[in-house]
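For 6-30, 39-62, 82-101, 121-144, 164-189, 248-268, 288-307, the entry in TrEMBL reads transmembrane segment. Here TrEMBL flags 22-304 as domain 'G-protein coupled receptors family 1 profile'.
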Amino acid sequence: SIAQEVVGLFCMVLLTLTALVANTVVMIVILKTTLLRKFIFVCHLCAVDLLSAIFLMPLGIISSSSCFSRVIYSIAECQGLMFLNVCFISASILTISIISVERYYYIVHPMRYEVKMTIRLAVAGVIFIWVKSVLITVLVVVGWPQGNGATSASRCTVYWSPGAYKTVFVIIFSTVCFVLPTIIIFAVYCRVYRVARTASLQRAPVQAPAVVPRYRCNSIASQVTIITTRNLPLPRLIPEHFLGSNKAILTLVLIVGQFLCCWLPFFAFHLHSSVTAGAVGGGHGEMVVTWIAYSSFAINPFFYGLLNRQIREELARLRRSCLNRPLGQELCLSVSEASVQENILQFLQ
């Protein structure tokens, strides 16, 4: 219906504009601030998502909306669009995986992280992401079936030229770019939660001796009170532990849940349609899961960039400097004393 077309077009344009603005803002903040340039993988994620917002999302609007139904793609144009689609999706998901591993090493093995996490290693990680993404994407062009006799199409999709190769490609693409990263992200954040929970349990009893000096005296009753207080399991701290544990769980559920909500429908749809015999892709189902996946390009800069206190404060400082307003001392960053991955620690605390 016309109403559905208007609402769908509005949502697609809104997601595209959000991805353009949010990723650009986070990249500018990181690149303009010397002490924030250690966020190289976050900056790289914003760069990939920005490229996706420039190339993929506008082309996705043209392919999805009936307002552009007269647009016809040639074989070369379809191959190029699918190449960019697979390449940017792979690069974005692999970057998220590396960010998770980086957080894991910073929290669980901080000394090892400080020694080994160098600019050279970060650049090598970025190169690895693009090499792996390009290798996966080459399969789209090199093995693209040409036996269906078609010379053009109104919509570019993996179902545009069905065949046995399509099933193999979708399985490889889903395994490398979704299944393995999901396992890595889930395992890493579970380990981070266990470390944070252990640290909170070890830190909490330190609060108990604060009230002990009030009762110190030479009487036997006072000494018994001190010993008993020190040996109690501190039941009053259990609600605090419970709330802190729930906050940590909620944080990790949001991080992992956002990734799964965006990408699980996309890969599940393509896997099911490829494996099922005689299945034909396309239609509103493919359009919906594709734009749910594309929404990740607009959400990532908030989850991995703007939720970080250092980036938010630097953004406020730049905004005030652009407006020629005096800067308050409270906005001055102490990035050298703060954690590079303070956002995840801040969440879990």
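Quick reminder: no glycine exception, Cβ is built from N, Cα and C everywhere.
Just so it is clear, the model here is predicted, and its values are computed rather than measured.
Counting only same-chain residues 6+ beyond the ends of the transmembrane segment (121-144), those with a CB under 8 A from a CB of the stretch are 40-41, 44, 79, 82-83, 86-88, 90-91, 94-95, 98, 161, 165, 169, 172-173, 176-177. The average per-residue pLDDT of the prediction over the domain 'G-protein coupled receptors family 1 profile' (22-304) is 76, rounded to a whole number. Ranked by number of Cβ pairs under 8 Å to the transmembrane segment (164-189), the listed stretches 6-30, 82-101, 248-268 are led by 82-101. Outside the transmembrane segment (6-30), and at least 6 residues removed from its termini, the chain residues within Cβ reach (under 8 Å) are 36-37, 39, 42-43, 46-47, 49-50, 52-54, 57-58, 60-61, 64-65, 67, 287, 291, 294-295, 297-298, 300-302, 305-306, 311, 314-315, 318. Long-range Cβ contacts of the transmembrane segment (39-62) within its own chain (Cβ-Cβ under 8 Å, at least 6 residues beyond either end) map to 9, 12-13, 15-16, 19-20, 23-24, 26-27, 30-31, 68, 71, 81, 84-85, 88-89, 91-92, 95-96, 98-99, 102, 119, 122-123, 125-126, 129, 290-291, 294, 296-298, 300-301, 304-305, 308, 311, 340. Tertiary neighbourhood of the transmembrane segment (248-268): same-chain residues 93, 96, 174, 177-178, 182, 185-186, 189-190, 192-193, 196-197, 288-290, 292-293, 295-296, 299, 303, 344, 347-348, selected by CB-CB distance under 8 Å and a gap of 6+ residues from either end.
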